Amino acid sequence: MPSASTISVISAISGVAVLGALLTATIIFNDINRFYYETMETFDEFKINEKNAWDTMVMSTRSPKEMLLGRARRQAALPDCQALAKNCPPGPPGPPGAPGAAGEPGVDGDAGAAGIDGVAIQFASAAGGACIQCPAGEAGPAGAPGAPGPAGPDGQPGADGQGGAPGPAGPEGPAGDAGAPGAPGAPGNDGQPGQNGQRSTGTPGAAGAPGPQGPVGSDGQPGSAGAPGAPGPAGAPGVDGQPGANGQPGPDGEQGHDGQPGPDAAYCPCPARSSVRQ
């Protein structure tokens, strides 16, 4: 059993085919009507031209003799009751007479020879030959409306309009999300070497308060030997005595002079000028 989608597709195709057939039939019907009206207009024009040509040929085939004989017959039909004149001079012209009675219709002329084909007439007209000039006939009835013509080409694009006035400023939008941290910048170039600092000796500050007593120092060096005494009498050797106690430490020596400044070390900050040498 076909599915619903297959039935829908078949129905759509059938509908399109029916619409196409109806559209084609409408176009063919319009073409047939247009061809019929064009053919009838051509046929009516041909009949008018044929009638005008026949009338012109009939008028041109009547000879002057037939016209005169017909006039003589009309004059002979009138009564002749007056006396005949004998060598009388002509009198003055009389007044115009009354209009005569209508003459009898003339005899129909013989049928004219068959005309040349239409194509030959066109060639004769182009060559400068004599052609029958037929008066234009009455305007025929209005034809049926023709089929709509095809859509014309697109027009040229119009000129750009004048620029509008600037619109009012819109409300301030919400703050955007924080951006990602930027990449670390490249290391900067080395700066110029700084100028050499000025060397100076600070003024010694005031003496501070005495500090606490420090721990006992280590034993001092043995004192220098005394001057040799006068030789005494040799006594009996005595017993070795106990070692004597250590002597008191000697006083501190004087402070030495300041040493010369040492050479500059590696790159390091210079000491502040207000520093005090201890």
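Going from the start of the chain as shown, residues are counted 1 onward.
Any Cβ shown, glycine's included, is placed from N, Cα and C.
Taken from Swiss-Prot, the feature compositional bias 'Pro residues' covers 89-98.
Taken from Swiss-Prot, the feature compositional bias 'Low complexity' applies to 99-109 (among others).
What Swiss-Prot lists as compositional bias 'Gly residues' is 158-167.
The feature compositional bias 'Low complexity' is assigned by Swiss-Prot to 172-228 (among others).
The compositional bias 'Low complexity' feature in Swiss-Prot is assigned to 236-245 (among others).
Residues or ranges marked as region 'Disordered' by Swiss-Prot: 84-109 (among others).
Residues or ranges marked as region 'Triple-helical region' by Swiss-Prot: 91-120 (among others).
Taken together, the residues in the region 'Triple-helical region' (137-199) have a mean pLDDT of 79 on the 0 to 100 scale. Swiss-Prot lists 137-199 (among others) with the feature region 'Triple-helical region'.
What Swiss-Prot records for 140-278 (among others) is region 'Disordered'.
With helix defined as DSSP H, G or I and strand as E or B, the region 'Triple-helical region' (202-264) counts 0 helix, 0 strand, 63 coil. Residues annotated as region 'Triple-helical region' in Swiss-Prot: 202-264 (among others).
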